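Asks: Here's a structure for you.
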Amino acid sequence: MKRFAIEFSYDGTNFFGYQGQPNVRTVQGELEKALERIFKERIFTQGAGRTDAGVHANGQVAAFNCPIDRLAAIDIKNALNANLPEDIYVKKAWEVEKNFNPRFRAKKRIYHYLVSTNEKDVFKRNYVWHFKYKLNIEAMRIAARYLEGEHDFSSFKKGNDKKNPIRTVYRIRILNVKKELILIRVEGRSFLRSMVRNIVGSLVRVGLGQWTPEKIKKVLEARSRQEAAGTAPPHGLYLYKVLF
């Protein structure tokens, strides 16, 4: 039996997150429904990341076993795109070894967060965090350096996350990609739940001048969620790429 991986994008607006759950629309649920229509049997998938409701993906990766050996990667891609809803698109497919699990094989996950400081555009409201105040990008860049490396990220986790809070952030870049559009790029091997959005929320406080860049270091060292700023909204976040 062959095993395939797929890289795919999705608009997270109308999904209750990535992970399959009963009675709600999820990305994994739609993916497995499409596979069941193709193969006429239940196919289970393993994903590289579990995005929250409203979060988008440019390069999510999932893997699954294929019960029909004669199919090639291009057949998998075409069949899935013919059966998936319009807010999910498979960009490529490839054959992988039998024990390939993208969640554990991933060496780097790259997230992008978009902040617009322009006048609100109703057509982009589900894809950027509209923020009516100007942000000091240089101060945000200084603050971001305190978060790079291996740290206890308890201050930036979701309150009920029981996982080991020690994580390594390889790099954080803050870029003006267009006039009044800021991209915050966060790279690491793995992240706690809501960790990227909590980091963004705190960096924005620095950008507003409400916190000094050094305040981020104190928040990190406090290891307390109460010390950090509020969570940035989900619709500005994208799982941009997963590297193996």
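All positions are counted from 1 along the displayed chain.
Yeah, the Cβs are placed from backbone N, Cα and C, and that goes for glycine too.
Bear in mind that the values here come from a model prediction, so they are computed numbers and not experimental data.
The active site, nucleophile feature in Swiss-Prot is assigned to Asp52; the stated evidence is sequence analysis. Summarising the annotation, Swiss-Prot assigns substrate binding site to Tyr111.
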Asks: Since the record lists Asp52, Tyr111 as recorded positions, which of them has the fewest other Cβ atoms within 10 Å of its Cβ?
Replies: Asp52
Asks: I want to verify one value. Collapsing DSSP to three states, which class is the residue listed as 'substrate binding site'?
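Replies: For the residue listed as 'substrate binding site' - judged by DSSP and reduced to three states - the answer is strand.
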Asks: Can you tell me the CA-to-CA distance separating Tyr111 (substrate binding site) and Asp52 (active site, nucleophile), as a whole number of Å?
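Replies: Just about 13 Å between their Cα atoms.
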Asks: Which three-state DSSP class does Asp52 (active site, nucleophile) fall into?
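Replies: In the DSSP reduction, Asp52 (active site, nucleophile) maps to coil.
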